[in-house]
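Features of the protein shown, as given by Swiss-Prot:
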SIGNAL    1-16  signal peptide
BINDING   W147  substrate binding site
ACT_SITE  D203  active site, proton acceptor
ACT_SITE  E206  active site, proton donor
CARBOHYD  N383  N-linked glycosylation site
CARBOHYD  N409  N-linked glycosylation site
Amino acid sequence: MRTYWLFLLLGGVVSAESLLSPNKRSKEASMDEWTDQQKGIAMGHMLNNIGDSGMHAKDINPGCIIASPSTDSPDYYYQWVRDSALTIMTILDRFFEGDKGLEPIIVKYMDEMVRLQKVPNPSGDFYAGGLGEPKFNVDGTSYDGDWGRPQNDSPALRAIAFIKYMNYLFENGKEVHEVTVWIEAVLADLDYTANHWTEASFDLWEEIKDVHYFTLAVQKRAMQDGTAFAKRIGAPDQAALYQRTIEPIDLKLGEFWDPGMGVIKGYKGRVDRSGLDCSTLLASLYSNEFDMHILPTLLKLQETMTRDYPVNQGWKQAMGRYPEDVYDGVSKSIGNPWFICTSSAAEIIYKAIAYYDNKGLPELTEYNIHFFMKFAEFGDPYNWSVIRKNMHTYADNFLKAVAEFQHPNGSMSEQFSRDDGHQKGARDLTWSYSSLLNAIYRREAIKGSV
């Protein structure tokens, strides 16, 4: 399988030009063909950022997942707990689908995370505060510079990733006593989450210290997954703790719905921001539930960014983090579209299609009618087959933007210019590849369904 990834990195790439040219699309390359090729290309680029065998990750700790090989302007050559967990979850999904050659990477990642938990750092140590530390050096030592600390989504996401793999192990005959070190790590992260979820921490963009929608959403999932996990390993006290934490988190999440704007806000009480933020899309993707309010939120984001970004001409739907963004990838000037956000917008729609395929269309309300009417024909918002087809096209347009602005070899940085689409910021961002793969496989999962 790794040979296949390397082959795709060296050649055989469906070009964005052939994909996007209306006259060539049907003859030379379809979206299906491009996404099929990107499975190997994006996976290859992503694995290049994982130590100690990746092309960009030589001579670093085994299992260390670097955010990017960029060491200057900007310097992202660190391992973030969040980014690493999200990356390994993408790898776990491929492993569960049969790519067993990925298992050594998963094991090395988990062992590296166990080590990092015990490293004293500016946030504290294993017993007091240290699990909220957001990033570490690639040799596994503490990063002691100034940073946005703590980031309390990190231990929750790490616990979710660990539980995914350990549930697989238990289902395939592994005994609890064989993985006690990993169990200790999971319970530590879950206990931290249960005891600190009410506290302000920095958001996933590392800019605002507050209570955030994304952080709460992944903390809720950690408590849900953790409840079942604790019961499975025979830890009833922890199971009870996690169980009783779920409802208050859920109630807090409800406070982020703004009926006046008709959107879920990423944060509240900021006079300098509307609260419209791509982080809410990511929260929906990494949670266990599907909140129907996420669709009008996505539409509002897309319409705002289509208006604000000159690069969004015609069908293009490049997505950035939030309308007021000023981070240009290196310094502060003006924000740009991000590959993470653009791919995740597509994935949200594919997830919604799968949900409505199973559940049927919801009751129309003043909040969702605009979304469904956008995809209806002849004013009929109840014809699911028509709405589904048009939603799928809408989702594919996000991926077409990714195809146009990635490099010919499939490489993706963090951002691309809002003006001309040239890539900006940290090169070969691991999360960019992870988010694209997630969208592609979510798209594949709804093929053939009605």
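Cβ coordinates come from backbone N, Cα and C, glycine included.
Keep in mind the model is a prediction, meaning the values are calculated, not measured.
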Top Cα neighbour of W147 (substrate binding site) in the set of recorded positions D203, E206, N383: E206
Largest tally of Cβ atoms lying within 10 Å of a Cβ, found at which of the active-site residues D203, E206: D203
Pairwise CA distance, N383 (N-linked glycosylation site) versus N409 (N-linked glycosylation site), rounded so that it is a whole Å: 40
Surrounding CB atoms that lie within 10 Å of the CB of the residue listed as 'substrate binding site', all protein chains: 16
Inter-residue Cα distance where the pair is N409 (N-linked glycosylation site) and E206 (active site, proton donor), in Å: 30
